[in-house]
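These come from TrEMBL:
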DOMAIN    2-375  domain 'Amino acid transporter transmembrane'
TRANSMEM  20-43  transmembrane segment
TRANSMEM  76-95  transmembrane segment
TRANSMEM  115-132  transmembrane segment
TRANSMEM  144-166  transmembrane segment
TRANSMEM  178-198  transmembrane segment
TRANSMEM  210-232  transmembrane segment
TRANSMEM  252-272  transmembrane segment
TRANSMEM  293-312  transmembrane segment
TRANSMEM  318-339  transmembrane segment
TRANSMEM  359-379  transmembrane segment
Amino acid sequence: LQGIFVLGLPYALLHSGYSGLLLIVLAAALCCYTGKILVACLYEEDEDGQLIRVRNTYEDIANACCKKLSPNLGGIVVNVTQVVELIMTCILYLVVSGNLLSHSFPYVPVTEKTWSVIAFVTLLPCIFIRTLKIVSKLSRLCSLVHFVIIFVVITYCLTQINQWSWAKFRLSLEFEDFLVSVGVIIFSYTSQIFLPTLEGNMKNPGEFRCMLNWTHFFACILKTTFALTAFLTWGEKTKEVITDNLPSFLETLVNLCLLTKALLSYPLPFFAATEIVCSGISRDNHSNYRSPLLALTVRGLFLLLTLLMAMFTPHFALLMGLSGSVTGAAMTFLLPSLFHLKLKWKKLSFLEKCADISVFVLGFLCSLAGIVCSIKGLLEVFG
């Protein structure tokens, strides 16, 4: 999904101007920070002052914060939020796949929804994915395809360097357009859902903070370079998805690469969502959630659910924006800062407390603005 958002960064610069460049850097810093404080909530000090990992998941952190109200309330809220975001992401991949196939083969008399069904058929083997190791290999291929897409676009833009002009940047901003840019930029960095599991599976978890710093630093450099070169190339003609600006022969090539990326990206959120649901069911029934029959049933139902919603949900993009404004902001900004304040309050310095509160307020404002814009869009469509 981040790759799809990255392709919208030049369009975000069109509506945010110079402030968009600052936002790309600021979003990287904020998402890196919330990732660190979220993982910090997994640890507590023992009697000797050594940090011990006493929690394993986002759910465990939420339960620890809400145990006075209800032992499982926090975990239920977090799990529902995670599953909604992950499933919406899976559906988006199917919708995008159908759209890309439709644009890549316009001469084939097949509807976009039929193309989505064809893409769905290629994803049926996801039912048999049982370990994160398989998902990680697919994600590695996905990253490789992503770099190919970025390389093709930047290379083409560099061939048009004689047309570049800084005068294309806007100084005046429209508030609603600016909010759209904020959403695209911020959510091109989000990964908090996966961080507790990622840190727990590292050979050397002590290197997690360093890894997070470097990955966000390089992501910031790459995204700034990509957005800037593309926007300087097309200026006011920059489209929502930058590949639509490319010459037809390159557009088809990149669209097929994007299709490959979407299909390779699907297993990660799909696997994460089904693992959360299987774990919850087994806990309620006091059974072994690794039961093959249970796992196959849940995966099959989730696959079918993503297809049905991709096929029959009207105005899915607006609904995705609405749910993303709620779940994305909550998982990325609101909950990490709130949990960190709750669990570490006595050990935080004044500046750390101010930082957490500032992130919470910023996340709340972004979420509120996104909800208002999405609801307004839905009202306009249905009105």
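The backbone N, Cα and C atoms fix where each Cβ goes, glycine too.
If you count C-beta pairs under 8 angstroms between the transmembrane segment (210-232) and each of 20-43, 76-95, 144-166, 178-198, 359-379, the highest count goes to 20-43.
Nonlocal intrachain contacts for the transmembrane segment (115-132), taken as residues 6+ away from its ends with a CB within less than 8 angstroms of a stretch CB, comprise 94-95, 97-99, 101-102, 197, 201, 259, 262-263, 266-267, 270-271, 295-296, 299-300, 303, 306-307, 310-311. Within the chain carrying the transmembrane segment (293-312), a Cβ under 8 angstroms from the stretch's Cβ atoms is held by residues 87, 90-91, 94-95, 98, 113, 116-117, 120, 123-124, 126-127, 129-130, 270, 273-274, 277-278, 281-282, 287, all 6 or more beyond its ends. Of the candidate ranges 20-43, 76-95, 359-379, 76-95 has the most C-beta pairs within less than 8 angstroms of the transmembrane segment (252-272). In terms of C-beta pairs under 8 Å, the stretch of 20-43, 144-166, 178-198, 359-379 lying closest in packing to the transmembrane segment (76-95) is 178-198. Only pairs six or more apart in sequence are counted, and the transmembrane segment (178-198) with the transmembrane segment (144-166) gives fewer than three Cβ pairs under 8 Å, not enough to call it a contact.
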